[in-house]
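Engineer: Below is a structure I'd like to ask you about.
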């Protein structure tokens, strides 16, 4: 901690937060589900077989800035993302990772967890991967949607494009 009580890590510079833009609809992105405090997105850079991002709806720069009251919600969403991928794709493993600060390769200064099903060769792809169009990430979301746990359905809202029960 610094003298000001703030975490000492160096955060990436970004004039505008891409994740905040996605969550407010300023930029197109596939939001699989959203709750009051947490959202789950299908990333356009698929590094595994179904690669999701779990992030707080409110801008939180890193894990070190996450309020206690949101920590449990985030971890439940991370677990549920793994269950969703497991149900839809039956991968032999689920990878979870999260980076804080420039030195740890955090690229966007908004807390997010990566959850991805493992590749046939094992692990996930940390090299250069293509950026998929939203239509392709929407197709991934449609495959995942039937497997989203609904234990907190009063808070969790699937995007209506992927919710077969929405009328």
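Backbone N, Cα and C define each Cβ position, glycine as well.
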Engineer: Taking 100-104, 105-109, 110-114, 115-119 as the choices, which stretch does TrEMBL tie to motif 'Histidine triad motif'?
Structural biologist: 110-114
Engineer: So if I exclude everything within five residues of the ends of the motif 'Histidine triad motif' (110-114), which remaining residues of that chain have a CB under 8 angstroms from its CBs? That is, six or more out.
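Structural biologist: Distant Cβ neighbours of the motif 'Histidine triad motif' (110-114) are 17-20, 43, 47, 51-56, 59-63, 65-66, 74, 78, 81, 95-98.
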Engineer: Over the domain 'HIT' (18-126), work out the mean pLDDT and round it to an integer.
Structural biologist: 95
Engineer: Looking only at the motif 'Histidine triad motif' (110-114), what are its DSSP counts of helix, strand and coil residues?
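Structural biologist: Helix/strand/coil tally for the motif 'Histidine triad motif' (110-114): 0 helix, 2 strand, 3 coil.
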